[in-house]
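Following: one structure in structure tokens, then a few remarks.
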Amino acid sequence: MAYPFQLGLQDATSPIMEELLHFHDHTLMIVFLISSLVLYIISLMLTTKLTHTSTMDAQEVETVWTILPAIILILIALPSLRILYMMDEINNPSLTVKTVGHQWYWSYEYTDYEDLNFDSYMIPTQELKPGELRLLEVDNRVVLPMEMTVRMLISSEDVLHSWAVPSLGLKTDAIPGRLNQTTLMAMRPGLYYGQCSEICGSNHSFMPIVLEMVPLSYFETWSAVMV
């Protein structure tokens, strides 16, 4: 999860987020090399006496600065497209959960069970227990099995929302009248926090998301109690 004065991304918990972190590092290195080259050229221009000021044409230089950016864009685009296709894949999900955004809370329905659904509201600051996180705790967590593919069906009942959990690499728009889908798989147990990431009204900041990833045996016990 996030911490105060954090500069980097959250620790990855899913394979998709691992890929996103690698892509971030890959792109950042390219940006660093380009920035270094530009700063080097600027320093040369400031410290070196200019020559060939009357030159009006340089075919070789123009060829290089046309081809080189194209190669750089390809090096960025190919891994990006690979990750985009990975994020759109739905690989035989073991469980499906329908998420509906409201002003200003989330409701969840486990579609593989007959009567397993609930609303999830933020716990007000004055009701928090010691150690709980302000603006992030909810009264009903979304309990899911770890190391299993879970499909999330996401929609909205009123205005645009966005269901996002950074450590899992998830961010999907909740649009009224439309059902979007995404998949998640957590590689380790724990609590993973997210928030609505689309401005949806005055209480937009009070729509947290809490996923509790647990072993399959614990999930089966929890679902039996809830049903």
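Backbone N, Cα and C define each Cβ position, glycine as well.
The feature topological domain 'Mitochondrial intermembrane' is assigned by Swiss-Prot to 1-14 (among others), with similarity to another entry given as support. Residues 20-21, 24, 166-170, 184-188, 190-193, 213 of the same chain, all 6+ positions outside the topological domain 'Mitochondrial intermembrane' (1-14), place their C-beta atoms under 8 angstroms from a C-beta of that stretch.
Taken from Swiss-Prot, the feature transmembrane segment applies to 15-45 (among others), supported by similarity to another entry. Residues 9, 72, 75-76, 79-80, 82-83, 86-87, 166-170, 184-185, 187 of the same chain, all 6+ positions outside the transmembrane segment (15-45), place their C-beta atoms under 8 angstroms from a C-beta of that stretch.
According to Swiss-Prot, the topological domain 'Mitochondrial matrix' annotation covers 46-59.
Positions annotated as transmembrane segment by Swiss-Prot: 60-87 (among others).
Counting residue by residue with DSSP, the topological domain 'Mitochondrial intermembrane' (88-227) contains 21 helix, 61 strand, 58 coil. Residues or ranges marked as topological domain 'Mitochondrial intermembrane' in Swiss-Prot (evidence: similarity to another entry): 88-227 (among others).
Here Swiss-Prot flags Cys196, Glu198, Cys200, His204 as Cu cation A2 binding site, drawing on similarity to another entry. Using a 10 Å Cβ-Cβ cutoff, Glu198 (Cu cation A2 binding site) registers 18 neighbours.
What Swiss-Prot records for Tyr218 is phosphotyrosine, and it gives similarity to another entry as the kind of evidence. Every protein chain shown contributes to the tally, and the Cβ of Tyr218 (phosphotyrosine) ends up with 15 other Cβ atoms within 10 Å.
Considering only the binding-site residues Cys196, Glu198, His204, Tyr218 (phosphotyrosine) has Cys196 as its nearest partner by CA-CA distance. Close to the recorded Cu cation A2 site, the chain also has Gly101, Trp104, Val159, Leu160, His161, Ser162, Ser197, Ile199, Gly201, Met207: residues not among Cys196, Glu198, Cys200, His204 whose Cβ is within 8 Å of the site's Cβ mean position.
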